[in-house]
Amino acid sequence: MEGKIILKKISKEYCILKVKLTEDMNILPGQFVMLSHPLKKELSKPFSVMDFEDGVLTFFVKIVGKFSKLLSELKENDILNIKGPLGVPYINKIDKNLKYVLVGGGCGAVSLIYFKKIYPNLVENELYGFKNSSIRKIFEHKSLFIDEESGNPLDKLDTILKEKNGIIFCGSKGMQKALLNKYPNKKIYMSLEENMGCGEGMCKGCPVMTTNGVKMVCKDGPLFDSKEVLEWKD
Ligand SMILES: Cc1cc2nc3c(=O)[nH]c(=O)nc-3n(C[C@H](O)[C@H](O)[C@H](O)COP(=O)(O)OP(=O)(O)OC[C@H]3O[C@@H](n4cnc5c(N)ncnc54)[C@H](O)[C@@H]3O)c2cc1C
Ligand code: FES
């Protein structure tokens with residue numbers, strides 16, 4: 001389907017796009033879409049949804065390479081191609097008897113912010129880490145944690161995490177490893193980021209080895225119980 005950009009905000013490293021869909025969609029937290037650029041429709045890449053209301057999807061894009069740069073250069077009224085919703089909603093994969101601290105690194109915060117909006121009763125607290133304060137130009141949140149102002153976000157996590165809480169994490173591989181090392185006995189769900197081709201389980205391009213055999217991050221994830229994953233990629 002298609003969507004028209006109705007609002008764009010941009011900082012040095014990130015951009016936020018609000019996109020009005022031309023058709024109905026029902027997308028739940030943790031699901032993602034494949035976006036393709038209007039001039040390069042053959043190439044598409046996965047992006048989570050930070051909000052969905054009244055037919056408007058909000059994307060939060062980290063500008064890391066060619067595709068994300070092209071996205072950040074789009075203007076209001078430009079049309080995007082959107083395939084989705086894809087992936088399994090977080091709610092279908094987590095233990096609903098626990099309350100969670102949501103931990104996001106950079107654009108990993110995206111799906112968690114939408115999760116908190118839809119399931120506030122499952123959330124104990126939130127912690128969204130960004131490297132530098134330039135993010136404040138386009139995005140403010142009460143749980144924003146800026147590394148250069150406040151140090152290591154995992155030290156802060158120590159102070160808010162309660163015995164009974166689980167963790168839902170989405171962020172860099174480095175933070176993922178640090179979290180697993182620090183809390184080996186906690187219930188931790190990790191949203192995995194893999195390069196994706198089709199986004200729907202066809203190309204077998206996003207495998208992850210689990211206790212239940214080889215799974216595809218796009219079709220069976222992106223969220224996995226950390227105890228289920230056998231190989232963590234660097
Ligand atoms: C399920 C899923 C959901 C995603 N949701 C989002 C989202 O909401 N917002 C978003 O910005 N990205 C998201 N991503 C990542 C996004 O798809 C990639 O950042 C994008 O494909 C990069 O394309 P590119 O051509 O700009 O950069 P590439 O040329 O593909 O990558 C350039 C360099 O950046 C590195 N890189 C790639 N992604 C990241 C990253 N996220 N952070 C730091 N370095 C990175 C690559 O390893 C490479 O070295 C998601 C990925 C998955 C699998
Ligand atoms: S991206 Fe094609 S199988 Fe996952």
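Cβ atoms here come from the backbone N, Cα and C positions, even for glycine.
The domain 'FAD-binding FR-type' feature in TrEMBL is assigned to 1-92.
Reduced to three states, the DSSP call for C218 ([2Fe-2S] cluster binding site) is helix. Around the Cβ of C218 ([2Fe-2S] cluster binding site), the number of neighbouring Cβ atoms within 10 Å comes to 26. Per TrEMBL, the feature [2Fe-2S] cluster binding site maps to C198, C203, C206, C218.
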What does DSSP say about C206 ([2Fe-2S] cluster binding site): helix, strand or coil?
coil
Give the sequence-ordered list of residues that share a chain with C203 ([2Fe-2S] cluster binding site), lie 6 or more positions from it, and have CB atoms under 8 Å from its CB.
G197
Neighbouring C-beta atoms (10 Å sphere around the C-beta of C206 ([2Fe-2S] cluster binding site)):
23
For the [2Fe-2S] cluster site (C198, C203, C206, C218), what does the 8 A shell look like? I mean other same-chain residues with CB within 8 A of the CB centroid.
M196, G197, G199, E200, G201, M202, K204, G205, M216, V217, K219
Could you check what DSSP calls C198 ([2Fe-2S] cluster binding site) once collapsed to helix, strand or coil?
coil
